[in-house]
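Down below is the structure, laid out as structure tokens.
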Amino acid sequence: MTNKIENSVSTNLKNDTNTFIYDYIIVGGGSAGCVLARRLSDCENITVLLIEAGADDNGLDRIQRPLRWLENIGSPQDYLYRYQPNPILNNREIYAPRGKVLGGSGSINAMVWARGNQNDYDSWAEAGNTGWDYESILPLFRKIEDWDNGENSIHGKDGPIRVERPEKLHVIDAAAVKAGISYGMPYMEDSNIPAPEGVGLMSMNIGHGRRSSPFEGYLKPIIDKPNLNILTDAKVLKLNIDNGVCTGLIYRKDDKEVTVAAKTEVVLSAGTFETPRILMLSGVGDAVELKNLGIDLKVNLPGVGKNLQDHPLISLTFQLNQPLADLTYNLGGINYYWKSSPDLIKPDLMLIPIQYPILTQELAAKYEVPDNAFSVFVTLIDIKSKGYMKLTSSLPDAPLEIEPNLLKDPADFQAMVKAVELCMDLTQEPDLNKIIKSWVAPDRRLKEGHLAEFIRNGCSTYFHPVGTCAMGKGPDAVVNNRLKVIGVQKLSIADASVMPQITTSNTNAPTIMIAEFAAEVLLGTR
Ligand SMILES: Cc1cc2nc3c(=O)[nH]c(=O)nc-3n(C[C@H](O)[C@H](O)[C@H](O)COP(=O)(O)OP(=O)(O)OC[C@H]3O[C@@H](n4cnc5c(N)ncnc54)[C@H](O)[C@@H]3O)c2cc1C
């Protein structure tokens with residue numbers, strides 16, 4: 001398989017200035033980039049170059065085997081980003097993993113397959129992004145999926161991503177479902193219905209016990225196509241923009257800088273932190289910020305790097321009354337979607353029991369964690385807080401300043417308190433209560449000041465940064481509703497950075513949908 005992942009581009013693809021030239025160049029081979037490379041190179045008469053900063057995954061078992069996904073965090077396939085110390089969270093530095101490998105974060109993530117609420121997309125459209133309402137994008141979700149129960153009005157079959165629900169629940173998950181029902185929640189066989197609410201089976205992009213990722217499902221089957229070249233270990237440094245037209249780019253591989261040209265389009269799919277970095281290094285961004293960094297301005301787009309959003313997560317940990325035997329799937333199997341207040345139009349809380357203890361360093365230092373402990377991921381999925389990412393220098397490898405402002409808006413902090421209270425209430429329901437031997441972190445039910453302090457020391461990221469090159473119409477928009485960069489011709493963005501508002505779900509399925517949308521626009525079928 002890897003023989004197609006080349007160290008150099010084909011020499012027959014040069015133009016008259018002796019520059020390598022392709023119809024399309026895709027920057028970043030992550031969740032979105034793999035989809036675009038597939039859809040574009042499916043047209044035999046189109047030449048495509050995919051440039052990825054990370055290496056081939058070489059069939060790494062911890063990438064392919066769902067139970068091992070946590071081991072990828074902090075591995076050589078992780079960028080190891082840090083969020084700025086945030087006073088709301090006791091100035092702790094929060095560690096934000098992102099995939100640095102062919103397959104990107106889609107190859108290191110937890111494989112929860114969640115599309116979000118129909119209202120998420122209808123809100124995008126209502127904000128001026130015509131064509132992004134739920135009804136318009138539903139066919140794309142159906143096209144992506146190979147759903148475990150075949151085709152129906154919302155699911156597809158034979159798509160590149162296998163989506164399965166658990167056949168058998170782990171003892172923790174079985175008890176958690178019963179606890180949700182006795183608490184008063186509706187039961188969902190399918191958590192990807194248009195408006196999920198209640199407790200239900202988790203959908204996972206897992207096929208026959210293996211990760212079903214954009215790399216495995218979209219790219220790997222066509223890796224040998226003659227019209228597709230894939231460069232790995234190659235970092236794009238800068239776009240070439242002449243008179244408002246993106247003509248190509250410069251990448252670095254093996255310490256050499258190489259220019260490639262694009263006849264039709266360059267598509268940025270380098271993810272929420274690196275797509276805006278590439279734009280800014282190329283002179284597209286906030287005029288004042290770029291001037292301060294000594295970068296020549298090409299287009300003043302103040303929204304580049306703004307609007308950063310991420311879901312906050314805190315885990316509560318409990319000791320099971322038996323060994324944590326026979327771990328299953330991605331260490332999960334069910335999820336709760338619930339509202340912190342009944343008058344909300346959609347659930348703002350998501351809880352997932354995890355068959356493993358996961359604590360921040362601060363909580364791990366405070367509480368003793370027994371071997372048979374498990375955690376519940378408690379997350380806020382509808383957020384008001386927004387932040388930014390900034391360059392700290394004009395050098396392409398300089399650290400980024402990343403500040404999502406997790407829980408900064410008081411409404412978010414209050415909702416997180418409600419989320420933790422919900423988790424504590426669920427553990428009091430008879431079916432969960434009877435399998436819990438003791439509380440670990442926290443070691444007892446907390447209230448008010450103690451609960452707030454627990455959140456300040458325990459809150460981190462649910463791994464979903466989005467929004468730094470938002471689609472829209474206003475002065476902070478970076479792309480339009482066709483994903484074209486405003487003010488630059490022949491340049492599009494397709495990745496999680498274009499989300500104007502984060503979905504109330506995990507973000508991989510929405511990102512893959514965005515890439516499918518972009519491919520259809522570029523191929524003229526949407
Ligand atoms: C640990 C973890 C767990 C997660 N769990 C889930 C989950 O269970 N479910 C879910 O839905 N979502 C989950 N997510 C989030 C989800 O994986 C991401 O939202 C999604 O993969 C983002 O896709 P993307 O294409 O925007 O970026 P990425 O998939 O991150 O791809 C960006 C790619 O661009 C490459 N790149 C960056 N800069 C350059 C450059 N200069 N030149 C060339 N290449 C470059 C990167 O190496 C990377 O491969 C998780 C994420 C992480 C990190």
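Even glycines carry a Cβ here, placed using N, Cα and C.
Annotations in TrEMBL come from automatic prediction, not curation.
Under the heading domain 'Glucose-methanol-choline oxidoreductase N-terminal', TrEMBL lists 99-122, 271-285.
Taken through DSSP, the domain 'Glucose-methanol-choline oxidoreductase N-terminal' (99-122) splits into 9 helix, 3 strand, 12 coil. In this model, the domain 'Glucose-methanol-choline oxidoreductase N-terminal' (271-285) carries an average pLDDT of 98.
Under DSSP, the residues of the domain 'Glucose-methanol-choline oxidoreductase N-terminal' (271-285) split into helix, strand and coil as follows: 11 helix, 2 strand, 2 coil. Counting only same-chain residues 6+ beyond the ends of the domain 'Glucose-methanol-choline oxidoreductase N-terminal' (271-285), those with a CB under 8 A from a CB of the stretch are 27-28, 30, 53, 79, 81, 98, 104-105, 236-241, 293, 295-302, 304-305, 308, 389, 391, 394, 396, 400, 402, 465-469, 478, 485, 487-488, 493, 495-497.
The list of residues near the domain 'Glucose-methanol-choline oxidoreductase N-terminal' (99-122) in space but at least 6 beyond its ends in sequence, with Cβ under 8 angstroms from a Cβ of it, reads 5, 28-34, 52-57, 63, 66, 69, 72-73, 75-79, 132-134, 136-137, 141, 161, 163, 191-192, 194-196, 202-206, 211-216, 219, 230, 232, 271, 329-332, 335, 345-347, 352, 463, 501, 503-506, 508-513.
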